[in-house]
Structures are given as C-alpha cells and as structure tokens.
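Here's what Swiss-Prot has on this protein:
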BINDING   Gly169, Asp170, Arg171, Gln172, Thr173, Gly174, Lys175, Thr176  ATP binding site
SITE      Ser373  site 'Required for activity'
Amino acid sequence: MQLNPSEISELIKSKIEGLSVTSEFRTQGTIVSLTDGIVRVHGLSDVMQGEMLEFPGGTFGLALNLERDSVGAVILGAYEHLKEGDIVKCTSRILEVPVGEALLGRVVNALGQPIDGKGPIAAEGTEPIEKIAPGVVWRKSVDQPVQTGLKSIDSMVPVGRGQRELIIGDRQTGKTAVAIDAIINQKGEDVICIYVAIGQKASSIANVVRKLEEVGAMAYTIVVVASASESAAMQYIAPYSGCTMGEYFRDKGQDALIVYDDLTKQAWAYRQISLLLRRPPGREAYPGDVFYLHSRLLERAARVNADYVEKATGGKVKGKTGSLTALPIIETQAGDVTAFVPTNVISITDGQIFLESDLFNAGIRPAINAGISVSRVGGAAQTKVIKKLGGGIRLALAQYRELAAFAQFASDLDEATRKQLERGKMATELMKQSQYATLKVSEMALTLFALNKGYFDDVDIKRALAFESALKSHIRSHHGAILDKIEASKELDAETEKALEAAIQEFKQNGTY
C-alpha cells in the first residue's frame, strides 16, 4: 500500500487535532518517615496549613506541621500500604464531607463515608469541615425552646434553639442517656439531629443506633462515628464533620441539634496527634491550642437571622431563621470540674448540666445537680407554661438542700421548716424519670402544677411516681381537652387553671393509685 505525501500530512494533522494535552501543576514530595499515623514529607514547598494531601492508594491526610525542610501530616484512615519514598501530592483543597438530606437515617464515618451497609449516599454536595462561625451581625437571640422531654431539664435548665448547653459528669452517670432522650423527643418537632460518637465502643454505638431506629428517630438523625478502634486523626475531625452536616440545615433556615459524645476523647486524640508531631506540651500535656480546638467548633452552633439564611441560600429561602443547637458532652475524672478541658468547655458554652455519681447511685435519674447546673440563655426560650410553673421547683429544691444540711443537727423542727423539707423531698422524687420516657409539655405542666398547688403534700413519697402516673392517665382519659389546650397554646390561663384544679381534685377524691 502506497501513501502519497499529501495523505500523510493530512493524517498527521488529524492526529494532532485529536490530541488533547493538559498540563497539571501540582506540588509533590516524598515520604521521609512514617510512624503511628504521622508522616514526614519532604519537598512540599507550597503546602498550606490544614490542606488535604493525596497519598498512593486513594489515601488522604492533613498537613498540620509546616517546618523548614519537611511537613508533618496526619493520615486519615489505614496507612499500612504506605512506605518511605512514596509520592505525596498537594490537592490545594481543605478536607470536605458530603452534606444534604440523603445523609438522614444513615451511619457514616468522620469522612462522611457510609458504614451501615445500606449502599452509597447520593449527597447534594460537599462542604469543608472547617468553617468560620457566623459573625455577631448575622446572629439572632435565642428565643425558641428545644424540648428535651425531661422534667428536670426543661423546668430548671431549659435549652433554646441555637444554644450550646454542656452535659458534664463522671463516667456512668447517664450523660449519653440525656442526649439520646433529647434526640428522641424531637420527633415531630421538625428538628434535624446529628449524633457524633467519638472514641466510644462500637457495641455502645450500635445500641444507640438500634434504639433510635426502634423509636423512629433515625428518620431525622445522622450518626457520625469515630469509634475507639479508629485512628486519633479520625476522632479529631469527627466533630467538625458532624458540625458541617448540621450547618447545611441551619443555613437553609431549618433547626438542627448536634450531640458531641464526647469532646474529652476528641481532646485526648488531639493531644496524641500533637505529641506525635513533637509540638510543645502545656498543662496536662495538652498542646497550647486545645482551647481553640473546642471554641472554633462550638462557636459554629448559633441561631442565625433571616438575612444570613437568604445570603447562604442565594435568595432561595427568605424570611426564615436557622439554628444549630449543640449539646457537647464532657467526662470528668472523680467529679473534678476544675481540670483543663472541663473548665475550657464550661467557659465556651452557654450553661451546663452537671450529672453526679452520688445522685445517680441514690436512684435519682437523671442525676442532675440543680444547684450548680445552669442555663445562661435558655430562660428566654422557655415555654410560658413551664416558666410559670418551674420557678417554684428550683426554689423548693434550693431551700431543701439548704435546710437539709441544718436539719441533720436540729432535733425539733418547726412546722414551716418541716413542710419545706417535705416539699423539697417530693420535688426531688418527682424529678425522677425513666430513660426513653420523654414527656410532652402538657404532661410536664400537669406534674409541676400539682406539686406547686400542694396536691402531692399528703401523698406518701414512695407512692409519688405512681400517683403522678395515675393522675396523668385520669386527666388524659377524662379531661383530655385541658391537656390539648395547654399543648397547643403552651400557656396556662386562669380558665384552664381552674379546670385543671377541679380535675385534680376530682381525681384525689375518686382516683386509685
């Protein structure tokens, strides 16, 4: 076969036209050392702090230490296949995780990858895990409640939408139980929940997920897991990943609730990473920026105004405010709240719920110490009926604790003091509540109203909870309209008060418990 010169030139021309040449300019370096999930990389001259690095085999890492002749990076995930001399590339990107409605009902790892065996997630997009918190001008004051369904919290330390309320206590005092009850109680409240499990046993996390599925709470919940078996790097980034997923809903004008369980283990993971990176240790061997570790995370929980939502959605959503409420959990050692991390988080948050081992072991559950638990902004968000009725409970408990200390030494007590002690004992008894047995506002109001009006005064303390349960059943069966009215209006007017009082008196005359 013979080709003439013109055909050859045409053939070459067409081949050149069909050839696509793209140049890719990326800084790359080589692995110098690799120990305990920490990599030293030489040659990454243009790398940025916090930048995502690409390793062979589809593995990624974060550049944390920028030194004169090398970069200290932490690997996200498995690193057994990596070796010295491997090529590392810069990506010029911050680590991003998937966000969107598709994540609801799913269990994901700290990178947003599904680990529940239910197939891939068709996410609406990805967002960086590190974001700057909304500024003061974009915020709105907290004035809507997050009902936890727990009498002791909603009446004494109320939580508002956009608030950061710390749950603090020793191990095995019911911290997770309080947070899970709060998530379960959001059913039908149009609040999206994110549960971030950090450094926990996989079996404990599986139990939580199973319970949320049982009660139908997974439909509006995302579970982010960095279990105890995962690397310190994954435990360190998990809260930021969960926060980004929650911010997606906040910025759309919706309400979200995020639980960090717990931030003590995140601080431990960060301390481990920092020490391996040879950063200078400070108090309790934590690095100097451990306060910033938690403050930059918790400041992202906020109530944002309509202008912010409109700006974030590009004008698609107008006239709606959004919120992200945070319930961080901190574990103390032997009740020491003056340790480094607990004091840091107490100073960052808008209040704290103290859970005590002594109360828990005495059968008072949730084991909330009403004296030192406080909500700094939640009072403005409390429902009117609970605010009206709950004030007396806190006072009764405060007076009871004060008098109980003196009563131990006094042989004879006057009638008024004895009554106050009895009222305090009864209030303590009625604040008890079983796990997963959350209450509606109207049911809570009924108990508080009956206690304030003295209807429990002649009830044997051992029968108090049985009396309360029977009273609720009676009112629900025979006077359901009263409860419905309180539930709808969240208020207690004079007419409803009279009707409720008459209904309770009727039960006291005829009811059995």
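From the backbone N, Cα and C atoms, a Cβ is placed for every residue, glycine too.
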What same-chain residues, at least 6 away in sequence, bring their CB to under 8 Å of the CB of Gly174 (ATP binding site)?
-> Leu355, Phe360, Arg365, Pro366, Ala367, Gln435
Between the binding-site residues Gln172, Thr176, whose Cβ has more other Cβ atoms within 10 Å than any of the rest?
-> Thr176
Same-chain neighbours of the ATP site, Cβ within 8 Å of the mean position of the Cβ atoms of Gly169, Asp170, Arg171, Gln172, Thr173, Gly174, Lys175, Thr176 and not counting those residues, run in sequence order as Glu331, Leu355, Ser357, Phe360, Ala367
Length of the line joining the Cα atoms of Gly169 (ATP binding site) and Ser373 (site 'Required for activity'), in Å = 11
Go through Thr173, Ser373, our recorded positions, and report the one whose Cβ sees the most other Cβ atoms within 10 Å.
-> Thr173
Residues with Cβ closer than 8 Å to the Cβ of Arg171 (ATP binding site), same chain and 6+ apart in sequence?
-> Glu331
Cα of Gln172 (ATP binding site) to Cα of Ser373 (site 'Required for activity'), in Å and rounded, measures 18
Within 10 Å of the Cβ of Gly169 (ATP binding site), how many other Cβ atoms are there?
-> 27
Taking every protein chain shown into account, which of the binding-site residues Asp170, Lys175 has the largest tally of Cβ atoms within 10 Å of its Cβ?
-> Lys175
Work out how many Å separate Lys175 (ATP binding site) and Ser373 (site 'Required for activity') at their Cα atoms, rounded off.
-> 14
Between Asp170 (ATP binding site) and Ser373 (site 'Required for activity'), find the distance joining the two CA atoms and give it rounded to the nearest Å.
-> 15
If H, G and I count as helix, E and B as strand, and all else as coil, what does DSSP give for Lys175 (ATP binding site)?
-> helix
Quick one: pull the CA-CA distance for Ser373 (site 'Required for activity') versus Thr173 (ATP binding site), whole Å only.
-> 15
